[in-house]
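Peer 1: Found this in Swiss-Prot, in case it helps:
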REGION    1-129  region 'Unknown'
REGION    130-351  region 'Thiamine-phosphate synthase'
BINDING   Q177, Y178, R179, D180, K181, N209, S248, K277  4-amino-2-methyl-5-(diphosphooxymethyl)pyrimidine binding site
BINDING   D210, D229  Mg(2+) binding site
Amino acid sequence: MVEPYSQQKQIQQVVYRILDANLDRAREGLRIIEEWCRFGLNSGQLAGECKYLRQEVAVWHTEELRAARDTAGDPGTDLSHPQEEQRSSIKALLQANFCRVEEALRVLEEYGKLYHPKMGQACKQMRYRVYSLETNLMGHQRHQLLRRSRLYLVTSPSESLLPTVEAALKGGLTLLQYRDKDTDDFVRLELATKLRQLCHSYGALFIINDRVDLALAVDADGVHLGQQDMPIATARQLLGPQRLIGRSTTNADEMQKAIAEGADYIGVGPVYETPTKIGKAAAGLGYVSYAAQHSSVPWFAIGGIDANNINDVIDAGAERVAVVRSLMQAEQPTLVTQYLISQLNRIKPES
């Protein structure tokens, strides 16, 4: 049945309004992402990709589509959701705007087929480019924060786990690893979810010890693997390129192997004997000095480091340290965090 001409025109105007609104939405979302790539990440490559996509979207924003706009008569302008009223972190802001762009492009892909034979395919291709951009940007963001992080807290089981972690985050901690070898998976999943939410609310990275499956389940920023854990290549296949993978190392051979296999960062130690590594001899400050001269990836000295010996570790060449007991057992985790970071910040930051 052929629709009357007047009805066809009415439907056409509705389609034009849908296209106009979603073209605006896609361009606005891309611009918000572009600004962070440009000013927050100082990445000309990522900002350039955003700009290219924004201009590709603009090609389809014709005068006849703009002319169909009816903001005053749009009931959607009064609709809102509480999640739209706040953003807890840069990551949340970026994810919200990536979703906005991707959804808009999906709408444009479908309704665009009614407007121009090539518009649907063009928007489909752009949508896949936005997916790739999101993966690259979030990975870039994580790597930048990893490089900026000086202090790394590795947790141990504690009844005050969450308050201690939050106190450290208040002190400026930007990197946390959840390590728990004994708790059952149900409790571990619950705690990991809460820790991830807590870390991300403070703009900190959240890493899971050993368990790639748990890291994926709670959307962690990465995983830390011991020498006896799965190969880095296997973990990378499961986690993808955007998440971080760390590896513990105790000597030069293990360090070089971890770097060659694609570790994003390494642990160097134990510097001193520690009860968290029972039966393992200390690697000593000599290994710290070796790592300072030979590691091509970010590395963290770890093992028995506290406020009393951190300057010895720094003097040996460490720019980053990981701690367990000195924070998990601290009476005032915020103050201890601030002190440790202040000592590490005396070192010239990595460019």
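The backbone N, Cα and C atoms fix where each Cβ goes, and this holds for glycine too.
Predicted, not measured: the structure shown is a model, and the values here were computed from it.
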Peer 1: Rounded to a whole angstrom, what is the C-alpha distance between Q177 (4-amino-2-methyl-5-(diphosphooxymethyl)pyrimidine binding site) and D229 (Mg(2+) binding site)?
Peer 2: 16
Peer 1: Helix, strand or coil at N209 (4-amino-2-methyl-5-(diphosphooxymethyl)pyrimidine binding site), per DSSP?
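Peer 2: Assignment for N209 (4-amino-2-methyl-5-(diphosphooxymethyl)pyrimidine binding site) reads strand.
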Peer 1: Measure the Cβ-based neighbour count of S248 (4-amino-2-methyl-5-(diphosphooxymethyl)pyrimidine binding site), defined as the other Cβ atoms within 10 Å of its Cβ.
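Peer 2: For S248 (4-amino-2-methyl-5-(diphosphooxymethyl)pyrimidine binding site), the count of other Cβ atoms within 10 Å is 24.
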Peer 1: Please list, in sequence order, the residues in the chain of Y178 (4-amino-2-methyl-5-(diphosphooxymethyl)pyrimidine binding site) that are at least six apart in sequence and whose C-beta is under 8 Å away from its C-beta.
Peer 2: T155, L191, A192, L195, F206, I207, I208, N209, A220
